[in-house]
Structures are given as structure tokens and as C-alpha cells.
Amino acid sequence: MKFAHIADVHLGYEQYNQPWRAEDFAKAFKVIAEKAVESNADFVVIAGDLFHRSLPSPRTIKEAVETLWMFRKENIPVFAVEGNHDKTSRDISAYHLLESLGLLNVLGLRRNPVRGENVESLRIQNVYLVKGVVDDVEILGDRHRSKWQLEKVLPLLKPQSDKSVLVLHQAVKEVVDIDLDMAYELTINDLPEASYYAFGHIHLPKIYEFDGKAIAYPGSVERYDLREASKIVRYRDELVLKDGIRKGFILVKNFRPEFVEIETRELYDVEIEDESVEGLEKKFLEVLGRADKEGIMVAKLKSSDAVDVRRLSEVAAKRVRYAEIRFERILEEIEEVEIKQESEFFTEFELKLLELLRGEMDEDEVYSLVVEHYLSGGALKQEEGAEERVVEEETEKKVEEQFKGDEEADEAERRAEETEKAKSTKKARKPKTLLDFLGVEEE
């Protein structure tokens with residue numbers, strides 16, 4: 001038993017608003033069909049998103065008919081489910097049009113039974129489960145569903161044969177968790193029994209093994225977005241080139257998957273960085289020189305100075321089929337500033353004065369603090385010599401700033417008079433107020 005597993009064809013997708021990109025997707029589908037026919041496949045499954053939209057254009061439908069006819073001519077039955085892009089809330093979709101032409105069979109729950117050479121309908125309450133049959137192999141499946149809908153639908157997709165294929169367009173948690181950042185609708189434990197799980201929806205080719213069986217995603221047939229680039233280019237200090245994602249389909253032999261690669265248009269994911277504009281442009285031109293002229297390039301350029309993106313885009317348009325260039329400025333790194341504690345700069349007395357400046361002490365407390373400090377020798381006891389005088393002068397300066405004293409000359413004169421008074425009376429006079437103690441006249 002041999003069959004082709006295809007998914008995410010996205011016929012009609014004019015990527016980057018370029019009509020010729022829709023032609024690329026149609027061409028990829030045709031190449032896959034040719035390879036499937038050459039491999040003598042017994043049947044084909046399409047696991048969703050045959051079309052990019054639920055209402056494809058006449059041109060897109062024509063492209064689908066022409067390729068599916070290749071299978072019809074060889075009597076190779078095709079079984080398909082609708083994906084999230086091309087499903088419709090109506091009873092009839094583009095899939096049913098193709099079904100009426102005898103080009104494919106739509107799997108899943110239906111209001112009415114469908115019967116044919118390779119199709120059976122099983123009544124379940126008031127609906128019918130339409131499934132495919134090729135020799136002794138059952139092909140079951142259903143359209144893209146929400147998580148809560150799957151809870152009701154999956155138990156109905158149980159095979160009656162020992163050999164079966166389950167076709168779904170959903171994301172399985174265990175596969176998504178490998179290296180993809182996307183939501184999922186089900187887990188492996190939710191899946192009904194099957195010999196092979198033919199999935200669509202994830203655009204990167206993935207084959208996940210469990211219990212000797214495969215959950216497989218062939219990926220999209222063409223490069224749907226930048227995550228599916230064929231070449232990854234990084235150029236900072238040196239040029240680094242890496243191969244990207246392969247495109248194709250899966251050929252399944254006796255329920256064992258084998259990926260078959262096809263050639264598609266090159267898509268370059270480019271990031272270039274240089275401090276100078278001149279260096280950046282030189283690197284960009286070097287990368288352009290290596291690119292295929294029929295390829296697509298999406299480039300992010302980083303520099304400290306602004307780059308003329310428009311001019312570079314014009315240059316790139318002459319070297320490749322299509323280019324998108326984005327600029328990102330390199331921001332200077334901000335140095336971390338160490339924040340020191342106030343205690344590292346001020347004495348204990350000065351810290352207490354700071355509390356005054358913040359309005360956290362009343363006048364009586366300040367008065368007691370200053371008197372106690374100066375009567376005990378204050379800052380003069382801390383160190384000797386010139387350093388003592390510096391500390392004292394800085395302390396006096398802070399106090400002067402707090403209370404907005406008069407000019408230094410007047411202040412010195414008043415202190416001299418007070419000193420003479422003290423000598424004549426030989427008795428210390430207790431200051432009446434803090435302002436009086438500091439020699440500042442009250443206004």
C-alpha cells in the first residue's frame with residue numbers, strides 16, 4: 001500500500017501582493033501531483049487548505065481542476081478535508097464543487113450520505129460520517145475544528161478496520177512543542193486509533209513517532225512566510241549561510257512516511273549589521289551578489305546611522321525578483337549607574353540635618369541636635385588638621401544654605417561681636433532660638 005500525503009497547498013495565495021506568487025503555489029501543487037503519479041500511489045490525501053480562501057477565484061478553481069485531473073486520469077482517488085483557510089460556514093464549499101466533478105472526496109460529518117466506488121457513509125444519529133475505502137484501508141477525517149468541537153467529533157472517527165488513516169487539519173501539542181510557538185487543539189492522548197496520522201496546518205515538515213506510529217505534517221507546498229525561508233543569511237562580523245526549510249510532500253509506504261522534496265523559488269531570510277552605513281551597504285551588496293535572480297529576499301539591516309532604504313530597495317529590485325528591506329537602528333548601550341547610600345557621603349550629624357531638609361524633624365529636635373553637636377566638639381573631634389576644617393566648613397555651608405543667611409561679611413561681623421561679649425562676661429549664654437545660635441537675624 002502506497003499513498004501521497006499532501007497539505008497546505010494554498011492555491012490562490014498572492015504573497016507580497018504579487019500575482020506571480022499564486023502561480024508559484026499552483027506550480028508546486030502540479031509538481032507534487034506529477035511525482036505522486038510517477039510513484040504509482042494507490043490514493044492521495046489532502047489534509048486541508050487546498051485553497052488560500054474559502055471563496056477561491058475562478059482562476060484558482062481552474063488551477064485546482066487541472067491538477068486534480070491528473071489523478072483522475074490515472075484512477076487515483078483523492079480524499080480531502082477542509083482547513084481553517086478554506087472551510088466555510090455554508091453547507092457547500094469549493095471542495096464540494098470539485099467532488100461533484102469527480103475529482104476528490106470530502107471526508108467528515110455530512111448532513112447527507114455520500115456513496116461511490118471508494119466512499120462509504122456511516123449514519124451517526126442525525127448525521128453521516130463519510131469515509132474513504134481503498135482495498136482494506138479506511139481513510140477517516142474531518143474538517144478543521146475548534147478544541148471544544150474536537151472533543152465531540154474525535155470519538156466518532158474510530159476505524160472499523162485494522163488498517164486506517166486519520167486525516168485532520170489541526171495542531172498536535174507534542175509536535176508543536178518541539179520547536180514551534182503556536183497554539184494547539186489536541187494532544188496525542190485525544191487521538192483515536194489509526195495506523196497513520198495524516199495531518200495538515202503546520203507549514204514545516206514534521207514526522208513525530210509514538211508507539212511505532214507516525215503523526216506527520218508534510219508542510220506547505222510553497223514558502224508561505226519567512227519562517228519557511230530556503231536560505232538563512234546572517235552577516236555581522238562574518239558571513240554565515242544556512243539552509244532553511246525543505247518543501248514537498250510525504251510518500252507513505254506501508255504506513256511509513258518518507259519526505260519527498262521539490263524545488264521551489266528561493267526565499268532569503270537576511271539580517272545584516274554594521275556600525276557604519278558604508279560597511280552595511282558593502283555587506284548588503286555582497287549578499288545580493290550571491291542571491292538567485294529569481295529569488296525573494298526579505299532583509300533586515302541594522303546600523304547606528306540611518307540608511308537610505310529606498311535606494312537600496314531599488315538596487316535590490318534589479319538583482320532579485322522581489323525584495324523587502326527594513327531598517328533597524330542600533331541603540332547605544334546605557335551604562336549601569338551604581339547608586340550609593342547617603343551614609344557613604346555624609347557624617348552622622350549631616351545625615352540628621354538631611355532629615356531636617358526633608359521636613360522630618362521639628363525645630364526643638366534640631367535645636368537640641370546642633371547644641372549637643374557643637375558643645376561636644378562636633379566635627380572637630382573626627383579628624384585633625386586641614387581635614388577637620390574642611391568638614392566644619394562644609395557643615396556650616398549646608399546649614400547656611402538651609403536657613404538662607406545673610407552675606408558672609410555680615411555673618412563674620414556678628415560672630416566677632418558675640419565673641420567679644422562672651423569674653424567680657426566670661427559666661428556662656430544659652431541661645432534663645434536656633435536662628436540666634438547660628439547668628440542669623442530674624443526678619
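We count from 1, first residue shown onward.
From the backbone N, Cα and C atoms, a Cβ is placed for every residue, glycine too.
Record features, source Swiss-Prot:
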| type | residues | note |
| --- | --- | --- |
| BINDING | Asp8, His10, Asp49, His203 | Mn(2+) 1 binding site |
| BINDING | Asp49, Asn84, His169, His201 | Mn(2+) 2 binding site |
| ACT_SITE | His85 | active site, proton donor |
| REGION | 382-429 | region 'Disordered' |
| COMPBIAS | 395-423 | compositional bias 'Basic and acidic residues' |
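His169 (Mn(2+) 2 binding site) carries a strand DSSP state (E or B). Of all the recorded positions listed here (His10, His85, His169, His201, His203), it is His85 whose C-beta has the fewest other C-beta atoms within 10 angstroms.
Closest in space to His85 (active site, proton donor), of the binding-site residues given as Asp8, His10, Asp49, His201, His203, is Asp49, taking the CA atom of each residue.
Look at the binding-site residues Asp8, Asp49, Asn84 and count other Cβ atoms within 10 Å of each Cβ; Asn84 has the fewest.
Of all the binding-site residues given, namely His10, Asp49, His203, those whose Cα is no farther than the 10 Å limit from the Cα of Asn84 (Mn(2+) 2 binding site) are Asp49. Other residues of the chain with a Cβ within 8 Å of the Cβ centroid of Asp49, Asn84, His169, His201, the Mn(2+) 2 site, are Ala7, Asp8, Ala47, Gly48, Gly83, His85, His144, Gln170, Gly200.
For His201 (Mn(2+) 2 binding site) paired with Asp49 (Mn(2+) 1 binding site), the C-alpha to C-alpha distance reads 8 Å.
Taking the centre of the Cβ atoms of Asp8, His10, Asp49, His203 as the Mn(2+) 1 site, the nearby residues of that chain (Cβ within 8 Å, site residues left out) are Ala7, Val9, Gly48, His52, Gly83, His85, Gly200, His201, Ser220, Val221, Tyr224. Between the C-alpha atoms of His203 (Mn(2+) 1 binding site) and His169 (Mn(2+) 2 binding site), the distance comes to 11 Å. Separating the Cα atoms of His169 (Mn(2+) 2 binding site) and Asp49 (Mn(2+) 1 binding site) is a whole-number distance of 8 Å.
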